[in-house]
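Here the structure comes first, spelled out in structure tokens, and everything after it is commentary.
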Amino acid sequence: MTMSRSSRSSVLALALATGSLVAAGPCDIYSSGGTPCIAAHSTTRALYSSYNGPLYQVQRASDGTTTTITPLSAGGVADASAQDAFCENTTCLITIIYDQSGNGNDLTQAPPGGFNGPDVGGYDNLAGAIGAPVTLNGKKAYGVFVSPGTGYRNNEAIGTATGDEPEGMYAVLDGTHYNDGCCFDYGNAETSSLDTGNGHMEAIYYGTNTAWGYGAGNGPWIMADLENGLFSGQSSDYNAGDPSISYRFVTAILKGGPNLWALRGGNAASGSLSTYYNGIRPTDASGYNPMSKEGAIILGIGGDNSVSAQGTFYEGAMTDGYPDDATENSVQADIVAAKYATTSLISGPALTVGDTVSLKVTTSGYDTRYIAHTGSTINTQVVSSSSSSTLKQQASWTVRTGLASTAAANGCVSFESVDTPGSYIRHSNFALLLNANDGTKLFSEDATFCPQDSFNDDGTNSIRSWNYPTRYWRHYENVLYVASNGGVNTFDAATAFTDDVSWVVADGFA
């Protein structure tokens, strides 16, 4: 039986009145609308009112063990404190994003396909567990922060739409975290991880890629990745009805059936949905009517494992059948009632904007060395009160407001050279460099870092990359990198990682 619009509104009103997330979740609403979820993924909350099973799994680097994160209560917010306790004094990766629908459509580390990922064997990277903290109704949770090279997939999903079968999907994303790479997607893709032709995908895309279609303004845009094209309307090119997005939290909705599809979106923190397109399949390119969907599920990557995009995912689901607008409107109201909000990205002793600091190594045998620079190379050098004024300046850094504004708003900072004003520490190919600020979005993100508690007891802080949150400032052979705790690069070696990424932040020499 289909729940009426008034009944769905009553269910939502009850949730608002009780201050609870459990009166009806998005997948309860989809089910009541006659289009049940066949996959439901979220690291932030349960998507069914009665769900109290696993949301996601994390693995810690210190001993390789895993733990499962569940809601605090049935239908509730994820138990972030369990993750924090498990991952204390080490790093953690999100290894599994569980399907809450009961179909077992879990998302795991994406395998190689048309493109290889950067991890061992061509697999994609896994997301760091702490890169995307938020609150829901005041309770802390973590999203999935996708850096370029990160991706999740299930090529053997059950119950997903294939061929020209109807389906719907939604996702809640970070509207400020994007790039123009291909392709930050969530949805239906090829089961082979290869590009098998036009119309073999149907996935939500978010970003500023203009290689195919694009919308009004400069983006970012919600679009549909239908394979070999990003679409926001009947045309495969420009579509004025698809607006640029400026919301911090974004609801993105895509649905498709035989010669019919729609694209909708809105502010996930307030208000209602807008319809950006509702009409027939693209007519200026072949292969999209009928569609040839294959039924795999992807997150953070393209159907052929394209891995150059970035974005943040909080929750999403895919349905059996083509949801009506009223059902989606009620899902949006439920998302708004969850009250997504930002929270601090930092921990440990605060670094004060405007202060000049020097950072001392804590690794035994190297602890007379400080972070300095020689030209554009960031390295460690032995520095003391008797060192030359030139060296003291090279080893001193002014703490600035983070150049990436979305991260700066939550505590992250940038480090300007004292002896080369206008130049900042940034990473490029994971090496730390001193470069002049060129004003680009990429530079701002590469030069923004989030201080946190030191991993060892000798330091005050570890310094984490904002846009690659699995990576920290590390000295390796006296040169500085942003390094992960184990990985494919020599400077990612797990041995001595804890000490090598822990620093004493002290008053600057100059």
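Cβ coordinates come from backbone N, Cα and C, glycine included.
The substrate site recorded in Swiss-Prot comprises D225, N228, G303, H427, N429, F430, H475, E477, L480, D500 together with one of D242, D320, D446, D458, namely D446. Matching Swiss-Prot disulfide entries to the candidates C37, C87 identifies the partner of C92 as C87. Of the listed cysteines C37, C183, Swiss-Prot assigns the disulfide bond with C182 to C183. Across the structure, E477 (substrate binding site) and D304 (active site, proton donor) are spaced 37 Å apart at their Cα atoms. With all protein chains in the displayed structure included, the most crowded Cβ environment within 10 Å among the disulfide-bonded residues C27, C87, C183, C450 is that of C183.
Binding-site extent for substrate: residues D225, N228, G303, H427, N429, F430, D446, H475, E477, L480, D500, maximum pairwise Cα distance 44 Å (rounded to the nearest whole number). Counting only the Cα atoms, the space from D225 (substrate binding site) to C450 (disulfide bond) is about 33 angstrom. For E227 (active site, nucleophile), the nearest neighbour among the listed recorded positions (N89, C92, C182, D304, N429), judged by C-alpha distance, is D304.
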